[in-house]
């Protein structure tokens, strides 16, 4: 008997690389989206850390009045921020090689644009990587769909809003106080608190927090005990076990008696779909609201006060909001313009004399 042994052709380097990239056996899945995600997020993170510590002041308003945002220029963790790219640059693509020098690039806030564009590309690739891993494992794609909500929100404030307003200088600063400043100015200019999509977003975030806390507390309160009273209930479970770890019927019964019968779910799939959909849809609407207000389709305004038969103003909460908005608008960019737009367009009263 003759045995014929064929020599197996060695796999090419590219083939081994492809297999390694797409292998689900790796401790951390990389995937083709990860090939782009890793360098973009590393770049964004590295530049953010360096700029937050040591970036020189940035001429954000384009009026030769630089604003410092880094720790070495007098800020702390709360007040520090990556200052947005200068209004003098507008929406122009502004990589380092477009500036005459690195000093000019830093003065005009080049790091902000670099960080934001790499970050948005990176988180979009992270979302794609979630879908890719789900696909390879034979899972459904809803993890990536859920993650699309924060991706949409980040894209709205860092990219869509600057595009609508005509300059990256209107983007959200990358810092704690900078975020609050962005929110205050956004309210002043767009009355976001009176926009229905923002209201849906608030309901989504707060409602999602409430439902998450309710679900977690119900589950942990209705665990099926597999141990004695002298042992931890956690010892009775194995990671990935097929058996249920908690009694959904007991949880359903408790909650149904606490509120009313139909306020609780007796189907696990329906319950978890609801827990996912509520905050995701809310944040989608918030991102959509930011994206429409970017082009000045603003929240409801009540600029026409309620008056009585004699023409006297009857003060309402809307008047308080309008006054607050004007005050906030006056205070921001105070050196770039003397009056808020709402006051600047009003015809000045004539004077005799």
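Cβ from N, Cα, C; glycine included.
What Swiss-Prot lists as chlorophyll a ChlzD1 binding site is 118, and the listing cites sequence analysis. DSSP assigns residue 118 (chlorophyll a ChlzD1 binding site) to a helical segment in the three-state reduction.
A C-beta separation below 8 Å, combined with a sequence spacing of at least six in one chain, links residue 126 (pheophytin a binding site) to 33, 37, 41, 147. Taken from Swiss-Prot, the feature pheophytin a binding site covers 126, and the record attributes it to sequence analysis.
Taken from Swiss-Prot, the feature [CaMn4O5] cluster binding site covers 170, 189, 332, 333, 342, 344. DSSP classifies residue 332 ([CaMn4O5] cluster binding site) as coil under the three-state reduction. Residue 332 ([CaMn4O5] cluster binding site): 15 other CB atoms within 10 A of its CB, across all protein chains.
Every protein chain shown contributes to the tally, and the Cβ of residue 198 (chlorophyll a PD1 binding site) ends up with 22 other Cβ atoms within 10 Å. Residues or ranges marked as chlorophyll a PD1 binding site in Swiss-Prot (evidence: sequence analysis): 198.
Its own atom aside, the Cβ of residue 265 (quinone binding site) has 19 Cβ atoms within 10 angstroms in the protein chains shown. In the three-state DSSP assignment, the secondary structure recorded for residue 265 (quinone binding site) is coil. For 215, 264, 265, the entry in Swiss-Prot reads quinone binding site.
The Fe cation binding site feature in Swiss-Prot is assigned to 215, 272; the stated evidence is sequence analysis. Under the three-state DSSP scheme, residue 215 (quinone binding site) falls in the helix class. The Cβ of residue 215 (quinone binding site) has 17 neighbouring Cβ atoms from other residues within 10 Å, across all protein chains displayed.
What Swiss-Prot records for 2 is phosphothreonine, and it gives similarity to another entry as the kind of evidence.
Annotation comment: Swiss-Prot describes 2 as N-acetylthreonine.
With a cut-off of 8 Å between CB atoms and residues at least 6 apart in sequence, the same chain places 170, 171, 172, 290, 291, 293, 294 near residue 161 (site 'Tyrosine radical intermediate'), listed in sequence order. Secondary structure at residue 161 (site 'Tyrosine radical intermediate'), taken from DSSP and collapsed to helix, strand or coil, is helix. Residues or ranges marked as site 'Tyrosine radical intermediate' in Swiss-Prot (evidence: sequence analysis): 161.
As annotated by Swiss-Prot, site 'Stabilizes free radical intermediate' applies to 190. Residue 190 (site 'Stabilizes free radical intermediate') falls within a helix when secondary structure is assigned with DSSP. Sequence-distant contacts of residue 190 (site 'Stabilizes free radical intermediate'), defined as residues of its own chain at least six apart whose C-beta falls under 8 angstroms from its C-beta, comprise 293, 296, 298, 299.
Swiss-Prot lists 29-46 (among others) with the feature transmembrane segment.
Within its own chain, the transmembrane segment (118-133) has Cβ neighbours under 8 Å at 24, 29-34, 36-37, 40-41, 43-44, 47, 139, 141, 143-144, 147-148, 150-151, 154-155, 158-159, counting only residues six or more beyond its boundaries. Annotation comment: Swiss-Prot describes 118-133 (among others) as transmembrane segment, evidence class sequence analysis.
Per Swiss-Prot, transmembrane segment is recorded for 142-156 (among others), and the stated evidence type is sequence analysis.
Residues annotated as transmembrane segment in Swiss-Prot: 197-218 (among others).
What Swiss-Prot records for 274-288 (among others) is transmembrane segment. Residues 142, 145-146, 148-150, 152-153, 155-156, 197-198, 200-205, 207-208, 211-212, 215, 265 of the same chain sit 6 or more residues outside the transmembrane segment (274-288) yet have a Cβ under 8 Å from a Cβ within it.
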So which binding-site residues out of 118, 189, 215, 264, 332 end up within 10 angstroms of residue 272 (Fe cation binding site), measuring C-alpha to C-alpha? 215
Other same-chain residues whose Cβ falls within 8 Å of the Cβ centroid of 215, 264, 265, the recorded quinone site, in sequence order: 214, 218, 251, 252, 255, 271, 274
State which of the following binding-site residues has the fewest other Cβ atoms within 10 Å around its Cβ: 118, 272. 272
Within-chain partners of the transmembrane segment (197-218) [C-beta distance under 8 Å, separation at least 6 from its ends]: 251, 254-255, 271, 274-275, 278-283, 285-286, 288-289, 292, 299
Closest of 118, 198, 215, 265 to residue 189 ([CaMn4O5] cluster binding site), Cα positions, binding-site residues only: 198
Cα-Cα, whole number of Å: residue 118 (chlorophyll a ChlzD1 binding site) versus residue 215 (quinone binding site)? 36
Site diameter for quinone, Å, by largest Cα distance between 215, 264, 265: 10
